[in-house]
Amino acid sequence: MAALQEKKSCSQRMEEFRHYCWNPDTGQMLGRTLSRWVWISLYYVAFYVVMTGLFALCIYVLMQTIDPYTPDYQDQLKSPGVTLRPDVYGEKGLEIHYNISDNRTWTSLTHTLRSFLAGYSPAAQVDNINCTSKTYFFQESFGAPNHTKFSCKFTADMLENCSGLTDPSFGFKEGKPCFIIKMNRIVRFLPSNSTPPRVDCTFLDMPHQALTPLQVEYYPPNGTFSLHYFPYYGKKAQPHYSNPLVAAKLLNVPTNTEVVVLCKILADHVTFDNPHDPYEGKVEFKLKIQK
């Protein structure tokens, strides 16, 4: 019993560990002979090669079921969101205030518009084609170069007086500002049955305000998005796609008064009454022009 409880010295423990690492009597290293180390190494190499192959095969089969031309993630909204340029956000949404006589208050707004429209220059649209059809541009095959689909041109000059080409101030200098409305992209979305969607901007009724109806000039005419820009087939299928735009030039905004402007998309398949998403099918912003 006393022998079992005998404590080993440090040198004895080191000698046992050295003997475990290499036993000259049996030729074992770490408890195994060289041949057994070779066999166990080959076993693990073969095991992990097979496991890696099975994993790669599973990934390959999975990738064959995924359409590379369909986005991995899509919103649950059935109608596209609507965005505005210039976009200046305040504490409670879009708020645009400026003074006609002080160009420092609206220079940044026009700069935002010019920067945004730079992507709609003829040079930026060189890979797109001219479209004149008044119907949807369906493309079942990949007829464009590099296995892609064609995209229709939309250039800034289509916005005419709101293009920044004839009036670099976009109407802000004279108190008749231009605002650009854009619908967000939804893959294979068709906004209407046969008539093109159009933009309609109005003053939003506010208590204690008696406003005359808002007068608007729309560009392109009637504020419509041509149907040949739809459907959108995704970024990989249409890498050069440009969203169509509508510019609204507000003609009779009262000065020194904050008004709320509502611009909504009128189309068969676009809704704008979702209480949970203020930008679905419409955009609302506050505007105050000082003089």
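Yeah, the Cβs are placed from backbone N, Cα and C, and that goes for glycine too.
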Residue among C58, C131, C263 that, according to Swiss-Prot, closes a disulfide with C201:
C263
Could you tell me the C-alpha distance between C201 (disulfide bond) and C162 (disulfide bond) in angstrom, no decimals?
16
On average, residues of the topological domain 'Extracellular' (58-291) score a pLDDT of 91
Same chain, 6+ residues apart, C-beta under 8 Å of the C-beta of C131 (disulfide bond), given in sequence order:
F137, C152, K153, S226, H228, Y229
Distance [Cα-Cα, Å, rounded] between N103 (N-linked glycosylation site) and C178 (disulfide bond)
16
Euclidean distance between Cα atoms of C178 (disulfide bond) and N161 (N-linked glycosylation site), Å:
9
